[in-house]
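Okay, so here's the structure we're looking at.
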């Protein structure tokens, strides 16, 4: 065992080296973990209560986040909702539109304050990532969305001829940029969201042939990776009015990973938060469902999920009351699984059965 004298000498040496490090690199360059003022990671709401639950509270601040999936699966919608939630809490948001496809009308419909949203439409991948770096270093921006990694075309590729080969250029660009900006992201508390597309690996016989663009660097640097898929198209008669999306938390460094959340995305309106509330209210027994009928405190208020959503949208006070009770249940540690929210197709089957019985 070390003697008391040895321990004093060690402590003296430790204090000396800590002072030297702080003097050289600045105060806060090294701290004891127990002395940290912010042990809990702050979060931004994703706009979907079910996804917030799966993420352990929401999208973490001061981290790199990747959202990937097939085309028209809801990637940009999810990012715009995160921007809207940031702006609601008084934050400043920026959108780096590398795809040159941002629709201001749709963004406004989702609740984004387009008058104060910072937008950049860069010509090259280098320019886009330099813009992100400057915004992060400013410590004035709370969230930056890059749409998308696949559209971050290196300058050499743009200036070259159409048939030229540029093997690994984009991957090297992403790797260099992430090495440069990740440290600043943590210090500034700015959340950087990269949207990404899927590609197919050639010659894969066993395992998943899908991969994301931009190399492997983003997979390592991202604290959260969300895999979003369209599982169902929502229809009224023959008219399509939205999609049912399923998000798998493929990676999470701030909460348990591999959770799954489901929610509706309505065309022109975005994520149906009321739908999320109904699903979680049913799980926490705030609302009961028998067959297709939904009831609250013993009284039926709607038949079928669509009518229940319509009822709550037209009765805002009732919806807020249900949401408050759901959040209270969740804060008290209610056993709710993000993997088992109500499935639209299952409910519709129940509704069809009930309607058939009524006709008989």
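Positions of Cβ are set from backbone N, Cα and C atoms, glycine also.
Marked as ATP binding site by Swiss-Prot on the basis of sequence analysis: 69, 70, 71, 72, 73, 74, 75, 76.
Feature map: annotations from Swiss-Prot on the structure.
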{"residue": "69", "record": "ATP binding site", "CB count, 10 Å": "24"}
{"residue": "70", "record": "ATP binding site", "CB count, 10 Å": "14"}
{"residue": "71", "record": "ATP binding site", "CB count, 10 Å": "8"}
{"residue": "72", "record": "ATP binding site", "CB count, 10 Å": "11"}
{"residue": "73", "record": "ATP binding site", "CB count, 10 Å": "22"}
{"residue": "74", "record": "ATP binding site", "CB count, 10 Å": "26"}
{"residue": "75", "record": "ATP binding site", "CB count, 10 Å": "23"}
{"residue": "76", "record": "ATP binding site", "CB count, 10 Å": "23"}
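The record gives 69, 70, 71, 72, 73, 74, 75, 76 for ATP. Within 8 Å of the mean position of their Cβ atoms, the other Cβ atoms in that chain belong to 228, 230.
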